[in-house]
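Visitor: To start, I am sharing the structure in question, which I have written as structure tokens.
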Amino acid sequence: MKVSVLAAVAAFAAATAIAGPVRPAGVGNDKYLIELAPGKTQWVTKNEKHQMKAAGQTFIDITDEFGTGFTASQPVSANYPKNSRHSSIVAPIIANLSKENLMRDLKAMIEFNNRYYESQTGVESATWLMEQVQKAIDASGIQGAKVEKFENQFQQFSIIATIPGSESTVVIGAHQDSINEQDPEGGRAPGADDNGSGSVVVLEALRGVLGSKALQAANNTNTMEFHWYAGEEGGLLGSNAIFKKYKSDGRQIKAMLNQDLAGFVKKGGPEQFGLITDNTNQELNQFCKMIVKKYASIPIVDTKCGYACSDHASADRSGFPASMVAETAFRDSNPHIHSADDVTDYLDFDHMLEHAKVAVGFMTELAMASNL
């Protein structure tokens with residue numbers, strides 16, 4: 001990261017930041033409204049968004065909120081279990097999780113030139129992913145289970161798989177898109193870790209849950225949703241659209257677990273999860289720690305990633321409790337992301353399998369929880 005680039009971005013931000021979402025005179029359709037912190041917004045071009053992303057600046061694109069009166073919400077209340085109560089269901093699911101599936105699925109995802117949200121290959125990769133989800137649902141035979149597209153104002157669509165239950169809903173999500181920060185629209189962006197790893201973890205967790213006869217027999221109390229978001233690299237576009245709609249519709253989203261970066265272990269460093277503690281729900285974070293201790297074989301440490309660093313922030317600002325369990329402490333994250341070098345050579349599939357265990361434990365325990 002060059003100092004000159006950072007200085008230029010800082011100067012640009014200082015010159016163009018505005019106090020609130022007020023459209024300045026002369027702003028055209030080529031400008032996008034982004035939020036860098038609560039209440040701190042500015043209008044930028046797509047290229048400027050890319051430059052800021054490359055310089056390490058995180059943000060959420062709120063262009064479609066302009067003039068709507070949208071305001072961030074406080075999280076809805078939820079009552080999370082203090083201890084695991086359904087290990088007899090979770091343990092067999094975990095035992096059947098497949099590292100080979102993770103490897104196979106990720107190999108397929110990185111074969112697309114990129115999964116950029118405004119590229120044709122971004123649409124093709126989303127189509128492939130949705131086909132895998134549909135196959136898993138078809139194989140399960142679970143009545144009412146379904147997968148749907150969530151269309152966006154850009155090319156790539158988001159994907160939502162649902163296993164029905166009560167109005168209370170538990171979500172596990174991951175963004176499916178990738179980006180090459182040097183050439184966003186056409187550059188090679190395999191996105192093995194960012195975020196092919198999280199995408200295949202959520203897919204394997206879905207397969208595990210769908211394949212559990214014990215869970216089917218127990219008749220899950222709460223609705224389960226598995227999400228794959230489009231356009232995270234453009235400013236949490238896909239997830240923000242979904243959770244804003246859920247807020248508008250009065251949905252009862254009781255918990256959301258974000259899986260973004262799930263495969264990298266720093267050479268010579270400790271193998272551990274990173275629990276994101278900023279812009280997340282502290283009660284749900286404590287539940288995540290319990291799940292990790294119960295079902296995973298590696299520890300978890302607190303870490304921070306900044307405002308709008310990933311899709312949990314979309315759930316959080318719409319008033320839904322959210323957590324993110326990342327591959328490690330943020331300072332030790334994969335240095336190869338957002339480039340052509342984000343490949344599987346740097347990933348640890350055993351570590352990825354640990355993420356899948358946590359995802360299954362999180363979803364199953366909360367799906368069966370009464371009075372969430």
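Cβ atoms here come from the backbone N, Cα and C positions, even for glycine.
As the structure is a computational prediction, the values presented were derived from the model and not from experiment.
What Swiss-Prot shows for this protein is this:
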type     : residues               : note
SIGNAL   : 1-19                   : signal peptide
CARBOHYD : ASN96                  : N-linked glycosylation site
BINDING  : ASP194, GLU233, HIS338 : Zn(2+) 2 binding site
CARBOHYD : ASN195                 : N-linked glycosylation site
CARBOHYD : ASN219                 : N-linked glycosylation site
DISULFID : CYS305-CYS309          : disulfide bond
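Help me picture these features in the structure, burial and contacts included.
Guide: Sequence-distant neighbours of ASN96 (N-linked glycosylation site) (same chain, six or more apart, CB under 8 Å from its CB) are GLY208, GLY211, listed in sequence order. A coil conformation is recorded for ASN96 (N-linked glycosylation site) in the three-state DSSP classification, outside any helix or strand.
Shown in sequence order, LYS53, TYR116, TYR117, HIS175, ASP177, SER178, ILE179, PRO184, HIS338 are the residues of the chain, 6+ apart in sequence, with a C-beta less than 8 angstroms from the C-beta of GLU233 (Zn(2+) 2 binding site). In the three-state DSSP scheme, GLU233 (Zn(2+) 2 binding site) is classed as helix.
Annotation for ASN195 (N-linked glycosylation site): same-chain Cβ neighbours under 8 Å, separated by at least 6 residues, are ALA174, HIS175, GLN176, ASP177, SER178, GLU232, GLN259, ASP260, LEU261, ALA262. DSSP assigns ASN195 (N-linked glycosylation site) to a helix.
Mapped onto three states, the DSSP output places ASN219 (N-linked glycosylation site) in coil. The Cβ of ASN219 (N-linked glycosylation site) has 8 neighbouring Cβ atoms from other residues within 10 Å, across all protein chains displayed.
Around CYS309 (disulfide bond), the same-chain residues at least 6 positions away in sequence with a Cβ under 8 Å from its Cβ are THR58, ILE276, ASN279.
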Visitor: Take the Cβ of CYS305 (disulfide bond) and count every other Cβ within 10 Å, whichever protein chain it belongs to.
Guide: 23
Visitor: Rounded to the nearest angstrom, how far is the Cα of CYS305 (disulfide bond) from the Cα of ASP194 (Zn(2+) 2 binding site)?
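Guide: Spelling it out, the Cα of ASP194 (Zn(2+) 2 binding site) and the Cα of CYS305 (disulfide bond) are 15 Å apart.
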Visitor: Roughly how many Å separate the Cα of ASN219 (N-linked glycosylation site) from that of CYS305 (disulfide bond), to the nearest whole number?
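Guide: With the alpha carbons as reference points, the distance is 37 Å.
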